[in-house]
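Peer 1: Right, I'll just put the structure down here and ask away after.
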């Protein structure tokens with residue numbers, strides 16, 4: 001398959017942003033006369049159950065709630081906005097600052113790489129130091145580094161500032177979850193709050209694409225970063241007033257000494273290093289399969305493979321000695337937790353693959369412009385936003401099993417439709433329905449998975465719960481893009497008569513079809529996992545008495 005340029009991708013999500021919005025519920029939120037709770041039955045003994053914290057949630061007014069949601073969702077919106085701005089404006093940006101062709105994808109890649117590799121450690125630190133203070137630090141740093149991106153004079157400067165922005169965002173993502181969990185009791189209002197957080201992600205990215213395109217052609221791409229950075233710093237000021245105070249010890253101060261004794265530093269460092277190297281390797285393979293042959297990538301792959309059992313053995317040791325463990329191995333014996341993580345990985349892999357390869361199909365096979373392709377992918381964004389908003393209203397009324405399994409089966413139809421599509425078919429005959437069905441599973445599973453994963457972790461470690469979900473979804477995104485790129489590339493080369501035909505519509509279409517069939521198979525795997533593993537999950541997100 002030919003190299004994929006960002007300018008060829010009109011509308012895609014960034015799953016690194018997608019997991020910003022974790023939710024937490026108590027054990028009683030899963031229990032009713034008709035709903036069987038597997039979470040309590042399978043909960044590992046080494047992980048504390050969520051404490052009954054109804055008294056911890058003061059009766060919060062609608063105005064106060066709106067300000068909290070505005071503060072945490074604003075970071076999500078502006079982060080997605082800058083990603084959309086970078087996507088649409090990268091060709092002009094690269095020309096202005098002299099970004100070489102071999103580094104053209106790095107400003108986008110390093111952001112996700114940096115944020116994804118730091119999430120688990122950032123979540124652990126926030127649970128000890130305090131969610132509010134870590135979120136404020138992250139918000140301030142995001143504003144500074146976004147502004148710095150607009151001031152970049154060289155390609156290396158832009159890459160460095162985007163990397164630091166990714167690290168700063170990793171401070172905001174898990175803490176946003178814990179802040180809402182701390183401020184809003186389980187129930188309809190919390191569900192809706194997180195649905196809003198899910199809605200602003202595609203909205204921010206779409207706004208970045210549209211307004212970014214206008215800015216690039218008028219006042220310049222730098223002003224997009226100036227405006228985003230300024231708004232983020234303004235949001236920092238708002239957050240100082242609106243975010244609820246952290247829970248403190250008896251002295252009234254945040255006990256920084258707990259950083260040494262209550263955080264699994266070795267496990268966090270191992271996970272950060274392993275995730276960073278794995279993300280880099282997957283990104284390199286996505287660009288060119290032959291990159292795996294380079295000595296540097298081979299060395300990192302070997303180190304990454306060796307670190308995986310080291311991490312497992314270290315977590316087992318920590319758990320056996322009763323010491324803090326980043327992710328205790330016993331968590332994976334919880335069948336619901338394990339199955340939900342697998343479904344999240346498959347679903348996030350497929351939805352991002354669908355967006356990317358559909359855009360390539362419209363442009364490279366049907367010969368449409370990037371703007372026309374954007375319009376054809378727009379139903380994906382619209383339906384996804386609607387699902388985010390409505391799921392918060394329905395999740396506590398309908399069994400999560402039917403929501404997840406039904407939506408997964410519907411979304412499996414999206415890659416199937418694209419796998420059998422004919423080039424000459426009108427958009428409304430096939431492709432439209434593929435775009436409409438594609439986001440349903442991921443956006444419904446989004447809320448359900450957050451509730452389930454958060455419930456596995458104690459109330460005091462909700463930031464880590466948010467980090468776990470974010471890490472799983474981001475890994476699914478990277479893994480999906482890499483596997484599909486390899487399948488598509490190999491199929492394209494096999495279908496081409498000679499290397500000169502690699503860019504011909506026929507071989508490219510064969511590669512895209514193979515990718516769509518693989519995506520369909522992954523969605524059916526997710527359907528089977530959900531159909532068996534979540535069959536007794538019942539309702540989630542119920543109000544606590």
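Yeah, the Cβs are placed from backbone N, Cα and C, and that goes for glycine too.
Unlike curated entries, TrEMBL annotations are predicted automatically.
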Peer 1: TrEMBL tags one of 358-376, 377-395 as transmembrane segment - which one?
Peer 2: 377-395
Peer 1: At a Cβ cut-off of 8 Å, and with pairs 6 or more apart in sequence only, do we get at least 3 pairs between the transmembrane segment (196-217) and the transmembrane segment (377-395), yes or no?
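Peer 2: These two segments touch.
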Peer 1: Which of 166-184, 265-286, 298-315, 427-452, 510-534 shares the most C-beta pairs under 8 angstroms with the transmembrane segment (400-421)?
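Peer 2: Looking only at 166-184, 265-286, 298-315, 427-452, 510-534, the most contacts with the transmembrane segment (400-421) come from 427-452.
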Peer 1: If you count every Cβ pair below 8 Å, which range out of 265-286, 336-357, 377-395, 427-452, 464-490 shares the most with the transmembrane segment (510-534)?
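Peer 2: The listed stretch sharing the most Cβ pairs with the transmembrane segment (510-534) is 336-357.
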